[in-house]
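Here's the structure we're looking at; comments come further down.
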Amino acid sequence: MKELLENINEKFGTPAYVYFEEEIEKRINKMWNIFKDINLTPTFAVKANNNPNILKLLNKYDFGADIVTIGEYKAAELAGIPKEKIVWNGNGKSKEEIQFLNKKIKYVNIDSFEEMRFWQENNNEEIEFFLRVNPDINAKTHPHISTGLKKNKFGIPIHMVEKVLKNFPDKRIKGLHFHIGSQITEIEPFVKTFEIAKQFSEKYNFRKINIGGGWGINYVGKELDLDKYKKKVIPLLKRYDEVILELGRFIIAPAGILLLKVVQIKETENKTFIVTNGGMNDLIRPALYNSYHEPVFLNPTENKKLADIVGPLCESGDKLVWDKILPIPELNSLIYLKNSGAYGYSMSNNYNSALKPAEILVTKNHETKLIRKRESYDDLYKNIIIDG
């Protein structure tokens, strides 16, 4: 790994996201093992990682795409994912977006009574609709990524489902959609959700269901117990003719790292600051969610101190790791942050006019492929119009 990453640094530079096909395949095999007795339609949440090369790779493993915007549709289109494997999700579908995507997708998760009225004007008989239900269940995850409580903006409140179905007696409604949050590490929220789903599906004779995703990974020593999921959740899904699944983080987060270079070591009375050439513009999750991405030092020293790993941006919140006893590295040495494959590049930004990083894929044959060039300053300012 050390030699591989040093070669990547020499060839492509840093900051860089690096993804590993072997790990992606390993995660996919885990998924199939859980659902081997279910007629599964797996989709990948494009919001987690929107690189068309990653989507193309996942399509090879029979994954479709779960999209929220036309931009995400374009990524799926570039990846060659057929419309029969595309699910349109989200709470803010506009009439203009509906007109554009109407003939380009198969599945739509309807998020509100108001959205339903938009679709009543659409005569595409090929679309299969699923009603997104908000069951008011606590996913026990970070508030920003909880989506199944009544205070959240997503879905039709559970007490309104019957009213909605009466007002929209459309044969294209094939089932219900439940997605109560992301990074869920406890089994009970899933069990409660799909017990409710089973009751409603039996009442209205729905033979299909979209179960969302939300499988939590191991950032800090806790992850979803997949054996328990198989034992307690899968039996609740066996009644369905088709189960649509949306996974993002589970598949791609452990398969990706953020590779950084140390540009400065700053000693203070309080602590040591390890300054890298990448910051919250590259990986905003620590600043936004207080998340932890374990750092790995390619050339660790014996000199360990209380330290923060920080970026170069003009913001005190530009921190990647903080208040940890860490080996203080040498200048120009490399560090990588684990579990960075999801919501890394897709949430990156240009704060301080910093450039977005490169993306590299390491194939199963250990070849390194550049799958997104590092942004240039020409890229950064190409849409600016200077008056005069």
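Glycine is treated like the rest: Cβ placed from N, Cα and C.
Together with Glu246, Leu247, Gly248, Arg249, Tyr343, the pyridoxal 5'-phosphate site in TrEMBL holds one more listed residue from Gly214, Gly278, Gly279, Gly311, which is Gly214. Note on proximity: among Gly214, Leu247, Tyr343, the binding-site residues of the record, the Cα nearest Tyr289 (substrate binding site) is that of Tyr343. Considering other CB atoms within 10 Å as the measure, the emptiest surroundings among the binding-site residues Gly214, Gly248 are those of Gly248. Among the recorded positions Lys47, Arg285, Cys314, Glu315, the ones whose Cα is located within 10 Å of the Cα of Tyr343 (pyridoxal 5'-phosphate binding site) are Lys47, Arg285. Residues Gly214, Glu246, Leu247, Gly248, Arg249, Tyr343 are the ones the record ties to pyridoxal 5'-phosphate, and the longest Cα gap between any two of them is 15 Å.
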